[in-house]
Each structure stands twice: as C-alpha cells, then as structure tokens.
C-alpha cells in the first residue's frame, strides 16, 4: 500500500512538472495576431494560415540557440543592410527575409544559384556571393526596386512578388491591406514567423559579448590570415559572415568587403588601422592618423551612464553602441535631435553605425591639413568625418555639387578654395596585387645561415662605391685632401675572366588620363577605346555596372604604355679582365644636401613637389615612418650635383 502511494505521488509530481513546463513553453511562445504589420501594410491572417505560422514559430523556438544567433545576426547586420534597403525605398522589415532559414541552405535571401545568376551575382570556385550579406542584399534590393517601378503595390505585395519570383500577380485596388491565405508561399509564413519571434525576443536579449560588424574593403589579394595579422585580430573574428570566400585569398578587381566582428572599443582602432593600410599602399598624399581619437575616462551618472565619450579631432564626441539611435546619442550630448543631426550632417533616415564616434559639436570650417587623396569606396561624408571639417566647406573648396560623386584618387582641398585656373588633380591609386602567404614555420630548430665564405684566390671585383681598404703597415696610405684613398697596386697574373654588366630595363609607368563621357558611350566602349577592362574602369572610378554613365562625366583611366613584343636591349660586349689587376675605386660625386623647413599647411606630398623629389626618397632620407610632419621640422633634400 505504501509502495503504491509512493509511486502515485511520484507520478503526480512528474505530471505536474510536465504540465508546468508546457505552460512555461506556451507562455514563452508569442501568439500570432489576426493582423500583422509589415512595412506599413496590414496583413490579415486567415485561421489556417495563422495555425501554420504558429507551427513555424514552434519550430523556431525548438532551437533557441539558433534563434539567439538570428537575433544577434540581425542586430549586427542591420546597419550594413539598411542603406541598400533605403536606396530601394524598402522598409526595414525586409531584413527578416535576408537571413538564411536553415544551415543546409546558407544563402541570404534564400537565393538559388539560378536566381543569383539572373541577379548578376558571382558564383564560382573563388566566391559565392549568395553567402555575402551585403552583396546579396544589394542585388535583391535592386531587383525588388525594379519590380516596384513596373507595378504598384505595398511592401507585402513586393515581398510576395519576390517570393514567387514573378510579376504577373494581380494587385488589389486597396494596396495597404492583404489577406494571406493557405495558397500563399510557405516562405512568406517563415518570414512572418521570424518577424514575430525576433520582435518578441530582441528587447530582452542580452548577449554574453556584444559585437559590431566592420566591412573591411581593402581586401583584394589578401587572405583572412593576412588581414588578421595586419589588424592584430584573432581569426575567429572573421566568422561567420565570410563563408562566401571559397579560396585562400580575396579576388582582385571587384569590391568584396570582408566582414569582421569587433567590440566597440576595437572598432575605431581597426577602422583607423585599415585606413592607414590603404594609404601605405598608395604611398602618396594621405595624412594618416585622422581622425584624432581620445577616449574620455569619465562616465556620466543616471540615464547617461552607458554613454561612451570621446574627443574626436579636438571636439566632443560620443560612440554609438548597439541598438542606439540619434535620439539616445543626442540625449547623451545634451542636444536636441535636430542639432545632433545637423552637427553630423545626417538625415533622419540615415543609419547610426554601432562603434562609430559621432560629433557633439559643430565641425570646423577648415581641416588641420590642406589636402587629402580620396581612397576607394570613400565618400565626401567620410572625408568630412575623418578630418572634422564641414561638408559644405568641402563642396565649396573643391567646386563640387551636393550630389556629385568623387572618384578615387582625386586630391581634395581641405583649407581653401581651389583656384579656378587650376585643374582638378588626381593621384593614381595602384591596383591591389595578391600578397604571397608566408610559408608555415616548422616546429623545429633552424640552423643559422652562415655568411658566404670569401674565396681569396678569386679575382677582386670592380668596386663602384668607395670602401675602406686595409693597407699593410709597411705601406701607409696617402691621405690627400679631396682625393680618394687608393691602395697600392698588387701585381698578379691571373687567368683572364670575362665580365658582363646586366642590362637594367626601366619598366614603363601607366599614365592617368581623364576621359569625358560622350553620347552613346558605355563602360564597354570606353574600356575598348583605351584597351582596358570594364572592371578596371569600375575600380579606378569607384563605380559599378549598376551606376549608369552620364554625358559629360569624367572618368579616370590608367592608360598602359605602348609595349613592343620585347624590349630591345643590347647587352654590352664581354671584355677580358686586364692581366694586371689594380684595386680600382670609382668615386661618384656626392649629392648636394639641402634642408627644407616645414611651413604651416605643408605635407609630405607638398614638400616633395616643391623640391622636385619623390615621396619614397624623401621618407627614406629622413627616416619617416608615416606621412606626419611638424611645422619647423628640418627635412633632408638630396639632389645630384
């Protein structure tokens, strides 16, 4: 009896726990409402479809870890995807259709290879751009925008057309409501289920570590390992958003941003390091070290305790954290939202990037440096934020229109207006080349390389540069003012040796020309005219095939020099060594050394230009590690006499 009572009690406890667990799960699952708002439109859900969406929600919550990954991914990727959605006039709710719905189908926007091919995405052994969130979103947003231009309809109708991959669906007269019935595509149910689940979880989700995603664009020819070493990051920061890369190195020629997860403290440092890396490849006019950032040690109290303040170019600034917007940042700076947007020259619909430092003061009218070379994928707003100079000043100084794009390589004036009689200057940006990967180092002891042994029986070479010669004690050297030291001749009768001098072939350099687009010209015809590829035109001018050409538009073209079948080089005739060898020293005339004192506003580029020397020579003569020089600094200038 006692045993039976104990068993029944255990069963009752088990049933109570099971029932309680079911109630907890049921309470944690969001319910599907009869009306769902999507992109400003109202979706009326029939009862069968409501049941189907509820089943999708149950499947989502069956794998809570995957749900948390989706919430985290949407937080990190929304700042990258929203600009493409805004350009296509698409609501931010479309982001719920972007993420993959299963690990077995990792493509963004559920793109099949056939759909990707129609959208112009690249799929080969090197890359699969269906797996790149930014590139896939750009292509899909452009496609949906074309659908919107050809027929009217609200956000839901556009979503339906994209899901069905057809434009033949009838559009109801009332384009602000829609009844979703069982005949609708199941993918639509999945998208709505994800929207309901994410909106239910996102306000209460607190990740163990908060990251922002930075698009590293100077990636051509580099591997992820090389980029990680350059930015001093762990390789795990490059997952999970770079599965699109199938080879070891990123292809050269097209724009393939590498997506890196960073903490908010790492974001400004990595951004500055990536800009400095791009400038070091150029080797020209680019003042690295901007923006000048200094994190402030103090913290506010109360509602402003989460604010992270900076000094940016000697002005007050605040760093945007995940999920913050213009309203919160304006509150941190004790500003109105209008003033905050005005100080940062933003519109209300502009995206606030987590990790970026925003200004809490009005920018300066002039920058601290006089010039800047526009880098690839860089906009006027980027330059304005980099140097803390107003966008209106940049437009006025460089005689630009507000909507005018600037091409990579253009030299921008940052302190005064470019004279009307001085043409626009460009500096050629080199194409990225693949970097050789370092060979793996074996975990063994490596023998030190011994210096090459000198064969005392060999013939003494002909020396070009003066060196110190050891003189026997019995024959002291003659030190004559103005004359080189010459050792006493050593009489020998060696075997004659034929010596040749290797010819030096000077490689021709590409010349940058400006082509003005004429009526009827296309990227292909212009590329054919200059014997280059359309991809090179896109790369040199920060353009793409999706951006149409305009009549009168200027394009920078690096025209390759005319090369023959093979350079005509006549090697010098061999000559026998003299029977009597004398240690000969050819003393070249020393360079004339002068000094240039840096004046206010002068950069390394201007100093080299004034003195008619190259930038690499100027940096080598003065042991300059970067392009920063100070007023009053004395720089060595060497010239041939």
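Cβ atoms are placed via backbone N, Cα and C, with glycine included.
Just so you know, TrEMBL annotations are computer predictions that nobody has curated.
Across the domain 'LysM' (370-414), DSSP classifies residues as 15 helix, 8 strand, 22 coil. According to TrEMBL, the domain 'LysM' annotation covers 370-414 (among others).
TrEMBL lists 513-557 (among others) with the feature domain 'LysM'. For the domain 'LysM' (513-557), the model's pLDDT averages out at 79.
Feature annotation from TrEMBL assigns domain 'LysM' to 594-637 (among others).
The annotation signal peptide is assigned in TrEMBL to 1-26.
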Using DSSP, tally how many residues of the domain 'LysM' (594-637) sit in helix, strand and coil.
15 helix, 8 strand, 21 coil
Count the residues of the domain 'LysM' (513-557) that DSSP assigns to helix (H, G, I), to strand (E, B) and to coil, and report the three numbers in that order.
16 helix, 8 strand, 21 coil
